[in-house]
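Notes for the one structure printed next.
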Amino acid sequence: MVLYTTPFPNSCLSALHAVSWALIFPCYWLVDRLLASFIPTTYEKRQRADDPCCLQLFCTVLFTPVYLALLVAALPFAFLGFIFWSPLQSARRPYSYSRLEDKNPAGGAALLSEWKGTGAGKSFCFATANVCLLPDSLARLNNVFNTQARAKEIGQRIRNGAARPQIKIYIDSPTNTSISAASFSSLVSPQGGDGSRAVPGSIKRTASVEYKGDGGRHPSDEAANGPASGEQADGSLEDSCIVRIGGEEGGRPQEADDPAAGSQARNGAGGTPKGQTPNHNQRDGDSGSLGSPSASRESLVKARAGQDSGGSGEPGANSKLLYKTSVVKKAAARRRRHPDEAFDHEVSAFFPANLDFLCLQEVFDKRAAAKLKEQLHGYFEYILYDVGVYGCHGCCNFKCLNSGLFFASRYPVMDVAYHCYPNGCSFDALASKGALFLKVQVGSTPQDQRIVGYIACTHLHAPPEDSAVRCEQLDLLQDWLADFRKSTSSTSTANPEELVVFDVICGDLNFDNCSSDDKLEQQHSLFTRYKDPCRLGPGEEKPWAIGTLLDTNGLYDEDVCTPDNLQKVLESEEGRREYLAFPTSKSPGAGQKGRKDLLKGNGRRIDYMLHAEEGLCPDWKAEVEEFSFITQLSGLTDHLPVAMRLMVSAGEEEA
């Protein structure tokens, strides 16, 4: 399938569209600024309360007549531009595809050659987030503002979080339940390798810090500054760090004589100091940014290499990193596993390291989408943005906004399809909300069979009273997904050209699994075909699952204004009741605070990550390895991003 890199099929239409939008934009911008000046956020209200001279109010009164005068002057030009813009939308393509050619060893082409579908399994990490990048006046209805600056900061934080070192902690205690047994293979053999998954006979208590290249580096950094310090000439950045936290004999750490340790890159073994991660270069968003990998003391283990046998009499001091046990235990405590759970789950201050696929919702503003794309291209090679339709093309109602869907991938995209929900009503009818379907290639077998996966990203109808509309959209979602798989799958079942190893649905579904008003959606057949890792059954959540919709009134409180603070708050039941949104109460006169005191549960979880256990290739299985609720976008959106790591392996393999 040919992917569309431009919104129009030829340059003539593109030029005509650019001219028509240039005529419309001044009017659009003035209306947005005029409305935004009358919708203050709680942050701005607090600033005004601290302003004894009422300077901000004076500016609003002063500039409102100016905006109105300019708006009247811009209206004729906007009307002329609209005459050309509207019919052009019938020829507009439903998305724009962008690929950044990446020569890094972690680029998409190199990733395909890593995994042949034999030997060890491979994990893939998915994340979804509603980022509320609406025009500024509409974003303020959700108590967020400055859409353009937020778009850039969101991109920086996601990039820095995904490109940070991947930390895994392994403890040999047979009673420990805070670590992932399924993750152990990634310590023994690198992901994507075909090496044996055999467990060494003696496992020491270790913490593994794995990082796979400076994927978070901005594309322009290397051109301007040259290769990052510490990078090898060939760009290979495969390194790891073993941290001893237990198993001492006589008060001294044991030597790293394991077979597993022998497969790790040893710190200080070469001329390059391995204790410094290459993606800690000074770059956009690192200095003072909450998205910096160094922003959280508790989410990362800080490594520092020792001097070359300078002040240490202990042999091998510069090839081992010693840490206090309490520091590593603090990091390990972030992962908690329920006794009956087969995977790790946590509230994390960072997006998962080595994030493979990112699905975003509410990226409605075109300029914000461009800024977001520019930032994320520092890590993701393949991006689809500006997804949706405008005008009356393909839908009953006139569409002023696109779908808001945005997709980024480290792996090549093979096929794409988009469908607009035809039953939108109320204010949701102004946006072309729909579903984006993607087929990605993640490897190839020795027999030249492609290893592929399917991903669907969607955003359902928002008004809470329209349950029937959402159920109809879920029906359409399943039908469209079945048609997409049928139209893009290999024709021969006896000798297939492709192996399907995962099928994932993610997005903002705008209903939860705890509200009595959402019973219709909770019992939908989608949840029989796709598994929700956070759900026990209709209306029943797993005890560790928390809501993903924040109470907008508290977005700028000091307790939750940073990723670390929000993480700590959400780990306590009292904090969740204070800062998460809960189902609306039907009892009249019940205050927000008093209502929450009477509620049970952990808030409204409306952002979902679902995966299929059936419909994959025979003898293959996809199992959840980790599930995360992420606080890294605190203060930038009213939703919590969620992430899921799937371990894909042949069914006959032993874990």
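Think of each number as a place in line: the chain as shown, counted from 1.
Cβ coordinates come from backbone N, Cα and C, glycine included.
Over in Swiss-Prot, the protein carries these features:
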type: BINDING; residues: Glu362; note: Mg(2+) binding site
type: COMPBIAS; residues: 211-221; note: compositional bias 'Basic and acidic residues'
type: COMPBIAS; residues: 246-255; note: compositional bias 'Basic and acidic residues'
type: LIPID; residues: Cys53; note: S-palmitoyl cysteine
type: LIPID; residues: Cys54; note: S-palmitoyl cysteine
type: LIPID; residues: Cys59; note: S-palmitoyl cysteine
type: LIPID; residues: Cys395; note: S-palmitoyl cysteine
type: LIPID; residues: Cys396; note: S-palmitoyl cysteine
type: REGION; residues: 209-318; note: region 'Disordered'
type: TOPO_DOM; residues: 1-10; note: topological domain 'Cytoplasmic'
type: TOPO_DOM; residues: 32-64; note: topological domain 'Cytoplasmic'
type: TOPO_DOM; residues: 86-655; note: topological domain 'Cytoplasmic'
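Known features from Swiss-Prot, placed on the structure.
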{"residue": "Cys54", "record": "S-palmitoyl cysteine", "Cβ within 10 Å": "11"}
{"residue": "Cys59", "record": "S-palmitoyl cysteine", "Cβ within 10 Å": "11"}
{"residue": "Glu362", "record": "Mg(2+) binding site", "Cβ within 10 Å": "27"}
* Quick one: average pLDDT across the topological domain 'Cytoplasmic' (32-64), no decimals. => 84
* **Pairwise CA distance, Cys54 (S-palmitoyl cysteine) versus the residue listed as 'Mg(2+) binding site', rounded so that it is a whole Å** => 34
* Structural state of Cys59 (S-palmitoyl cysteine), classified by DSSP into three states -> helix
* In terms of DSSP three-state secondary structure, what is the assignment for the residue listed as 'Mg(2+) binding site'? -> strand
* At the Cα level, what's the spacing in Å between Glu362 (Mg(2+) binding site) and Cys59 (S-palmitoyl cysteine), rounded? -> 30
* Non-local residues, at least 6 beyond the ends, that sit with Cβ under 8 Å of the topological domain 'Cytoplasmic' (32-64) -> 71, 135-137, 140-141, 143-145, 553, 555-556
* Structure fact -> Same-chain residues at least 6 beyond the ends of the topological domain 'Cytoplasmic' (1-10) with CB under 8 Å of its CB atoms are 17, 88, 91-99, 386, 413-416, 488
* Pull the DSSP breakdown for the topological domain 'Cytoplasmic' (32-64) and write it out as helix, strand, coil residue counts. => 23 helix, 0 strand, 10 coil
* Asked: When DSSP states are grouped into helix, strand and coil, how many residues of the topological domain 'Cytoplasmic' (1-10) land in each?
  -> 0 helix, 0 strand, 10 coil
